[in-house]
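Asker: Feature list, courtesy of Swiss-Prot:
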type	residues	note
BINDING	Asp8, Glu61	Mg(2+) binding site
Amino acid sequence: MIIGIGSDLIDITRIAKVIERHGERFLDRIFTETERARAGRRDKQPNLVAATYAKRFAAKEACSKALGTGIRQGVWWRDMGVVNLPGGRPTMALTGGAKARLDALTPAGMIAQIDLSITDEWPLAQAFVVISAIPATAS
């Protein structure tokens, strides 16, 4: 059962300009340590760094839309982070207000599954999030 769907499209150059202007203050406010570490591995190529951050920014926007809140009502930027599953597939890890909202949306006896697709083609980055409720399996 689909709980929510969200999408976002962003101009990578916009994120690059914000990083150039606000630097660490912006990065600390928006991105998790995991996301910053991933972008840091691309530090020799500024366009890749900006694209990495832009995709994650778009993913947070898309996830907040799928949660039905946007970035408000207790759902904040660092409550949502892009992580990779063991096979490399991206998903969202939620904490704080975002996790509380997800828990409130998930019906009893179900668990939430977040599917994420992120891509970029200069100068755009795009993200789609589908949040589904799937039956909990007996342990």
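Glycine is treated like the rest: Cβ placed from N, Cα and C.
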Asker: Let me know how many other Cβ atoms fall within 10 Å of the Cβ of Glu61 (Mg(2+) binding site).
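Answerer: Excluding its own Cβ, the number within 10 Å is 21.
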Asker: So if I measure Cβ to Cβ from Asp8 (Mg(2+) binding site) and keep only same-chain residues at least 6 apart in sequence, which ones fall under 8 Å?
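Answerer: Result: Phe57, Ala58, Ala59, Glu61, Ala62, Lys65, Gln126, Ala127.
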